[in-house]
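Database features, via TrEMBL:
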BINDING   A:R42  L-glutamate binding site
BINDING   A:A76, A:T77, A:W102, A:T152, A:D172, A:Q195, A:N237, A:T238  pyridoxal 5'-phosphate binding site
DOMAIN    A:5-349  domain 'Aminotransferase class V'
MOD_RES   A:K196  N6-(pyridoxal phosphate)lysine
There are 2 protein chains.
Amino acid sequence: MSRAYNFSAGPAALPESVLRRAQEEMLEWHGAGASIVELSHRGPEFMQVAVEAEADLRALVGVPDDYAVLFVGGGATTQQALLPLNFAAAGQAADYVVTGHWGRTAIRQAAPYADLRIAASGEIDGFHSIPAREAWRLSEDAAYVHITANETIHGVEFRDVPDVGDVPLFADFSSSIASEPIDVTRYGAIYAGAQKNLGPVGIGVAIIRRDLLERVGQPRADIFDYRLQLANGSMLNTPPSWNWYMLGLTVKWMLAEGGVAEFARRSAAKSTLLYESIDGSGGFYRNQVDSAARSRMNVPFFLHDDALDQPFLEEARAAGLISLKGHRVLGGMRASIYNAMPLEGVQALAQFMREFQQRHG
Amino acid sequence: MSRAYNFSAGPAALPESVLRRAQEEMLEWHGAGASIVELSHRGPEFMQVAVEAEADLRALVGVPDDYAVLFVGGGATTQQALLPLNFAAAGQAADYVVTGHWGRTAIRQAAPYADLRIAASGEIDGFHSIPAREAWRLSEDAAYVHITANETIHGVEFRDVPDVGDVPLFADFSSSIASEPIDVTRYGAIYAGAQKNLGPVGIGVAIIRRDLLERVGQPRADIFDYRLQLANGSMLNTPPSWNWYMLGLTVKWMLAEGGVAEFARRSAAKSTLLYESIDGSGGFYRNQVDSAARSRMNVPFFLHDDALDQPFLEEARAAGLISLKGHRVLGGMRASIYNAMPLEGVQALAQFMREFQQRHG
């Protein structure tokens, strides 16, 4: 087949122009005599790539100067372990608000390093809503409060920044960074794996209020130390340079397309269309997430009869719509509609869903 | 310029056929409707890539069944922290043999987690030799003995596997894995960043004797737990899938070229030619490493007058020879001649060195 509309949750679709650029430069980058994936991370070629990627990411997300930007290998899960190591004293309280699978994952990474407290959890509700801020039980002595801004599997998203007072708010923005304006100043730290909205798999970013980097944290290897990473330009060791380069190309593409304001507009249009298709199906498709908490990025949905799951996936593939199978934790279907997914892809999915229902309803 | 001979120490040259294959498949992988960098790591397409890469790596390196193979994001430095976390009790002794810069780095990562002991160090000798095994002071209660099989910066390499009795031998093989036959059974663990001999930057491998994975280690995040990574097929979180794919292509290329026996032959030929060029220059070029410990992979050398360094680098680039600048720790020059560097590249470098000496000698 030719290139399909790819609804994968991550690794996810990349803009075709980014892939074509990477393809053109695969044998040689800008007359350097070698591909960027073959050149030293400390040489002038990659340094240019790295510096531009940071400047562009700062411009795209709106990162103030008093926040550091780090590029981190190993994924967002690794960062979930690094947060308490860097920002909590051993055994210090840390408050976690759990709104889905990835909140639980964050807890497992932090548990060895902090007095981990569940300030609120949506589990009792099947993770169909965001627990009301009034019901959170926050610790006065917490090192930080942790939220998952968007839950990739359960499809719930914070629509507002919760007020947690003077305690720094840490947020996993893996699946929604750069999809709408963020007021970075409301957060102590924002982190994200890149493989959803920022482009390629294999690299992540951390945006950290600089004063927090003065915290002592806990005994840890150099490689786990954000301060040392910052002092070394995110190159304490060899970084995933090709992935960094691809992130840079993707960020440049987002800036050229109009930035986060434009992607917020597109995300609203795409997600509205998809939820309307589900809600208007008379129960043939369903999504149970509270409308106030529905993710604009990840839309899980279920067919009224799971015997139709396999035909749905097969017929969708035949129609050029791939990676719609839900995460094994939930089953069913999931359409991830990150920045690289055009409205036309969601329109094609909505049309396919109507036709599938006509054939099988 | 067109593609040059690239002597970068890592990220390093990749086989051109691997780059061309990646280029061809950049927009779509094998009729899947998307690039491999865009597809779920848990889907059938990437699972095929991952399984083949492990099988091929096992065949290439000769990994017995009682050793696990893990693919790890974050680089070899991260693994240097994971070793004590997984294999030493808190505060247990661990013996380190330091033969250059990367041995020192390994110590910095492990120090927070073990009673770190320097069993031997080549520092007194300027890291120009491997300390004789008889002089090592090993602890009886050590969790493991750690060596750096090849030092990328100082250009020294173990020619024999040291006998350390029943204590497991852990070795950083980042810059020499797959360059000659390894008797894996002599080691408890072998680990490597891929960006030198195994291909792309952004991923590493760990080859671990399975019984060692039963050790309790220390409290640690799930993401730092080798046992959990093994139980999850190296996909406890989203792995750097594109990098894994590139590693797989590079390993397939090495198998097709004749495997480690062939690369041992080529490495001997390449390194012999280069050291002869240096030693035969009448002091114009010099390398001070003991001939018995000289690396076949990384050849640091110095011009007799460092005022010639910049002209050397500029004239080399004009001759299509790039990335010869030495690491900032040592200065001077360095030619890294991993598996992807053909003999013709080293011949071109040797000829250039002769001509440069004639012009400037």
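Heads up, the Cβ atoms here are built off N, Cα and C, so glycines get one too.
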Over the domain 'Aminotransferase class V' (A:5-349) the mean pLDDT stands at 97
Determine the C-alpha span of the pyridoxal 5'-phosphate site listed in the record, that is the greatest distance between any two of A:A76, A:T77, A:W102, A:T152, A:D172, A:Q195, A:N237, A:T238, in Å to the nearest whole number.
-> 30
Counting Cβ neighbours within 10 Å across all chains shown, tell me which of the binding-site residues A:T77, A:N237 comes out on top.
-> A:T77
Fewest C-beta neighbours within 10 angstroms among the recorded positions A:R42, A:K196 belongs to A:R42
State the Cα to Cα distance, in Å, between A:T238 (pyridoxal 5'-phosphate binding site) and A:R42 (L-glutamate binding site), rounded to an integer.
-> 9
Sort out for me which one of A:T152, A:Q195, A:T238 has the most neighbouring CB atoms within 10 A, since those are the binding-site residues we care about.
-> A:Q195
Closest of the recorded positions to A:R42 (L-glutamate binding site), Cα to Cα, picking from A:T77, A:T152, A:K196, A:N237?
-> A:N237
Cβ within less than 8 Å of chain B, restricted to recorded positions A:W102, A:K196, A:T238, yields A:T238
Relative to the Cβ position of A:W102 (pyridoxal 5'-phosphate binding site), how many further Cβ atoms are located within 10 Å?
-> 22
For A:D172 (pyridoxal 5'-phosphate binding site): intrachain residues, at least 6 apart, with Cβ closer than 8 Å | A:A76, A:Q80, A:W102, A:G103, A:A106, A:H146, A:I147, A:T148, A:A149, A:Y191, A:A192
In three-state DSSP terms, A:D172 (pyridoxal 5'-phosphate binding site) is classed as strand
Among A:T77, A:T152, A:N237, these being the binding-site residues, pick the one whose CA is nearest to that of A:K196 (N6-(pyridoxal phosphate)lysine).
-> A:T152
Conformational class of A:T152 (pyridoxal 5'-phosphate binding site) under the three-state DSSP mapping | coil
Row A:A76 (pyridoxal 5'-phosphate binding site), column other C-beta within 10 angstroms, all chains, value 29
